[in-house]
Amino acid sequence: MSEKNEKSRASSTSTDSALDALENWYHVPVLGAVLAFMFWVRVQAWENFTQNGEVYFSGNDAYYHFREVMYTVQNWPSTMPFDIWTNFPNGTATGQFGTLFDQIIATAALIVGLGSPSQETISMTLLFAPAVFGALLVIPTYFIGKRLGGRLGGVFAAVVLGLLPGYFLSRSLVGAADHNGAEPLFQSLAVLATMIALTVAQREKPVYEQFLDRDVAGLRRVVGWSVVAGAATAAYMWVWPPGILLVGIFGVFYLVKLTSDYYSGTSPDHVAVVAGVSSVTTGLLMLVPLSTLSFSPTNFSILQPLFSIAVGVGAVFLAWLAREWDNRELDATSYPLAVFGILVVALGATTVVLPEFWGMLQSNLLRFVGFSAGAATRTIGEAQPFLSQTSRYGLGMFGVIFLEYGLAFLTAFLGAAWILLRPHFRSGNPRRMGGAAAAAFVVGLVFVAPGIGDAVGTLLGVDGQLGSLAIVAITLLAVTVTGDYDAEKLLVVVWGAFITSAAFTQVRFNYYLVVPVVVLNAYVLKVVLGLVSLDKPAAQIEDVDWYQVGTVVAVVLVVLVPIAAPVAASATGDGASPIRLTNNQGQQVPLQSATTVGASHGPGAVTVWDDAMEWMQNNTPEQGNFGDANNADQLDYYGTYSQTDDYDYPEGAYGVMSWWDYGHWMTVEGETIPVANPFQQNADNAANFLLSQNETEAANALDVVNEDDAQTRYVAVDSQMVSPQQKFGAPIQFYDGPRNVSTGTFYTQNILSQYGEDGQVTNYGAFQQLPTLNHQAYYESMMVRLYQNHGSAQQPQPVVVDWQDTFQTATGADLYSFDQSASPIQQFNSMSAAEQYVANDTTAQIGGFGSNPPEYVEALEHYRLVGTSDDQGVKLFERVEGATVEGTGPANTTVTASATLNMTHLSQGNQTPQFEYTQRADTGPDGEFTMTLPYATTDYEAYGPANGYTNTSVRATGPYEITSSSTITEDREIVTWNTTAQITEGQVIGENETASTVELDRHVSGTLGDTNNTTQNNTTQTNVASSEITADSVKSTETTQADRLDTQSPFGAAAAFVAPAVVGALGRRYA
């Protein structure tokens, strides 16, 4: 019997040990599984980035990181100090690139490549790096969550992080090789280390006297962890210099916490020790990568070390001030007033003594946490305000937040509120309880009544959103200063508040916000467990009731279901996400699953640009060799150059003009030098050129960036740049040229409306954006003349667009309303009939869609198409001198030169894409005329990259046909004049300055009255049936398969109107 009892006890002990082990270590396999899942989600689409033996990345910054990593591998551990292969003609210091992020990846590539990695090895290492950084974030997330919500809370935070489908996921997917994917990891490590240091300080209570007594043993742990916190903060800024924002967040926390501690009767010395040691450590370490003595938040400047040390000095000063308050036996309640009074005086003095520094500080603070953005900033997708997506989805504020976080953001907000309010409600002090309730009411009132913030903003002379922010900040400051808080919980709330402001100001900062959101959910879970008495070790929990389990399960499901259900549906093959919202047009907007987001990831438009850049590498001269200058050896692609404000390029160097989005692709894929780049350098000059309305304006825009011996020689334009619904609107916001322009100068937005019998709108498609109606300035813009017409003249067609009403948007811009039941397009047999119709109808315009201008567009004389991507999505142009043609023909008439040109590089069998270039000139009373023609018709083989010129792939099928308009003699003869002219490549590029001389020959083509030669001019108006209209219903200089779109929609001819513009968005879907 005793033996059985012994076995029973042994069995029980063994079971208990197993349960204890499970309770103590269950988090390890769970975290391992979450980490593995997060990594798999992020890398599942990696094969999309390896095509034809080449490794691609997504976005544009990833390519510049590739360049930095390549340089660091070759010069380890140094990073590139200055780059002459971008920002023509100045070069640039790389700032936020060439940081610890690139050094880590370069080191990994060197290890994988056994000290001598190939370019493919380096590319693959960079390709997978963001997924590694993203998955590793689960580790600090767990530990922060554990400190707030216990082990179970930490696991819960990790699981929520792994399921979120939003911006953090997209920034840490394979191929998204930008520092954004690593920033949350390093920031979270800095916050975690600071939390630990604060906890040690609160436990061991270090004071100033211990330093005087050299109490090494008593200070070892708190000083050690403070040094670690400072080093972690410095490492974060080594990854991203603008991370100085985190130092500012710590500074605000120390200000609030030290003031709160003294007000509550606790010595500020404890926290001040952490603040002083960690901040000075950060400041000293930031001297290591110092590259400039300017106050630049985006470079490794003197700002980072000075500001970090200033935070530490400020914290020590507050601790000293508290001692002075005690020594003078002053009222503790006056201490906060004195502190903030000193702060206001200090800021006021800064505005007077250092106005430029104050302006920089204010502008950068508003740029990060100002809840708004300027027009130019809004053209940058990642820098748009978070809630600007309401118009994209047709959802309200809750809907946009829900698509990013499910309900986790709401529960995190409740957790933060409970941290702030709990000490007051638990104090038993009616005054504090009433103040906390009032604070909650004020914050809620600001959200439901935004007019209050507008009023305060008007009073302060700032935006209404900033007025609301000021009210909330002051209210929360009053609450926190008068409360008694656990340091690490208060730190997370302050951190979360600032990061929330940053995320709502610039949507990209949601990749930071995920961590505060999920760790606050860990805290919420702990609070709920405490409310139902389940916040104890498993061995101590007895008699669990169903309501206890039900409450916890309900809270967990509220957070997990919205983000887990889409993942489950994707895993089981059920397809569409079951979690959906209905927008303001009655459409279903799903919350995507993390697995779906990861699986659908790809490199995007760079694959198309790669075609064009490959053509450019093979068919244009090396940098430094243009015009046979033979200076290529002065421009080492991975060379080391000293930093300067204006690099002196050698003769033969040249710039390539395009929109700034594409600069890094040109540098890396084309190994050429862009004028503008994603640092937004020269963005204004690029805008001025691309929107210029004639060649004189274009030349003036280039003169700003040209040097005598190094000039902009090429222009690259893609389909997105000429689409008003994609990138065309961006240059408008950067334009500072000679004209006063707005979006309305170039195009007008449209809506489809339903009209009642009384002629009033009964419904309209506000959420469904229609293509724009373009104005003459759009067709006159340089980038449209290049991309659509290849520099050729463009003739208007007798096609009229007719809309019903003109409304105005909230910003005062026009908005055209089209009746969805009527045909918006009318076609006439002559221009005079179309012009007469428009003259009598104020809601009608000739052309304005596709490649149909309202008026005649002149030909360009100094730009020619030389190459394209394989699908013509990207087109490359060369700026040339042009060949002079001097001729004689009939007096006082118009002469037209035309040539048919083949895109020889796109030939397939017997089919070669071609277009016609035409240019007009007027003859004088003596019949003489002059033309400047940009396309050659012969002698192509004499020039190419070997002797410093372009090997153009666009070549004429024959000579120019030069003709005059027909005239009728007194004898009723129909007379035409024509001749042909061969133009050599040397004449076009300026190597041969000899003008071509031509004389038009007279031909009689018939007699007026001859039925075989007369032309009928019937101006009868014709309404075109919806089934007869396609995107190429009118004449175009170029027709491709993507330019054709049949119209079978219920809106009939309305579809014909939208078709050409839809081509840009749907016909060439490479973005």
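Placement of Cβ uses the backbone N, Cα and C atoms for every residue, glycine included.
Residues or ranges marked as transmembrane segment in TrEMBL: 25-43 (among others).
For 41-301, the entry in TrEMBL reads domain 'Oligosaccharyl transferase STT3 N-terminal'.
According to TrEMBL, the transmembrane segment annotation covers 122-145 (among others).
According to TrEMBL, the feature transmembrane segment maps to 152-170 (among others).
Marked as transmembrane segment by TrEMBL: 222-239 (among others).
As annotated by TrEMBL, transmembrane segment applies to 271-290 (among others). Here the transmembrane segment (271-290) has Cβ contacts under 8 Å with residues 99, 194, 197-198, 201-202, 206-207, 219, 222-223, 225-227, 229-231, 233-234, 237-238, 247, 250, 254, 257-258, 261, 300-302, 304-309, 311-313, 315-316, 318-319, 487 of the same chain, all six or more residues outside its ends.
Residues annotated as transmembrane segment in TrEMBL: 302-322 (among others).
Annotation source TrEMBL lists transmembrane segment at 334-354 (among others).
The transmembrane segment annotation in TrEMBL covers 395-421 (among others).
Per TrEMBL, transmembrane segment is recorded for 433-452 (among others). Same-chain residues lying 6+ beyond the ends of the transmembrane segment (433-452) with a Cβ under 8 Å from its Cβ atoms: 417, 420-421, 424-425, 427, 464, 467-468, 471-472, 475-476, 478-479, 482.
If one looks beyond the transmembrane segment (464-483) by at least 6 residues along the same chain, the residues whose Cβ comes under 8 Å of a Cβ in the stretch are 256, 259-260, 263-264, 336, 366, 369-372, 420-421, 423-424, 432, 435-436, 439, 442-443, 446, 450, 452-458, 490, 497, 501. Positions annotated as transmembrane segment by TrEMBL: 464-483 (among others).
Sequence-distant neighbours of the transmembrane segment (490-507) (same chain, 6+ residues past either end, Cβ-Cβ under 8 Å): 144, 148, 167, 191, 194-195, 198, 245, 248-249, 252-253, 256-257, 260, 367-373, 377, 381-389, 412, 416, 419-420, 469, 476, 480, 513, 516-517, 519-520, 523. Residues or ranges marked as transmembrane segment by TrEMBL: 490-507 (among others).
The transmembrane segment annotation in TrEMBL covers 513-534 (among others).
Sequence annotations record features per position, and here TrEMBL assigns domain 'AglB-like core' to 609-721.
Residues or ranges marked as domain 'Archaeal glycosylation protein B peripheral' by TrEMBL: 882-987.
The feature compositional bias 'Low complexity' is assigned by TrEMBL to 1011-1023.
Panel annotation: around the transmembrane segment (513-534), residues 137, 140-141, 144-146, 148-150, 152-154, 156-158, 160-161, 164, 166-168, 184, 187-188, 191, 405, 408-409, 411-416, 418-419, 489, 492, 495-496, 499-500, 502-503, 541, 544, 547-548, 551-552, 555-556, 559 of the same chain, lying at least six beyond its termini, place a Cβ under 8 Å from a Cβ of the stretch. Confidence across the domain 'Archaeal glycosylation protein B peripheral' (882-987), taken as the mean pLDDT and rounded to a whole number, stands at 92. Taking Cβ pairs closer than 8 Å, the transmembrane segment (122-145) reaches residues 27, 31, 34-36, 38-39, 42-43, 46, 49, 55, 57, 62, 65-66, 69-70, 73, 104-106, 108-109, 112-113, 153-158, 161-162, 168-169, 171-178, 181-182, 184-185, 188-189, 191-192, 195, 492, 515, 518-519, 521-523 in its own chain, all 6 or more past its ends. Remote same-chain partners of the transmembrane segment (302-322), defined as residues 6 or more beyond its termini with a Cβ less than 8 Å from a stretch Cβ, comprise 208, 233-234, 237, 241, 244, 247-248, 250-251, 254-255, 258-259, 262, 267-269, 271-272, 275-280, 282-284, 286-287, 290, 292-296, 335, 338-339.
Only residues 6 or more beyond the boundaries of the transmembrane segment (395-421), in the same chain, are considered here, and those with a CB under 8 A from a CB of the stretch are 160, 164, 166-167, 386-387, 389, 436, 439-440, 476, 479-480, 483, 485, 489-490, 492-493, 496-497, 510, 514, 516-518, 520-521, 523-524, 527, 555, 558-559, 561-563, 579, 581, 583-584, 589, 591-592.
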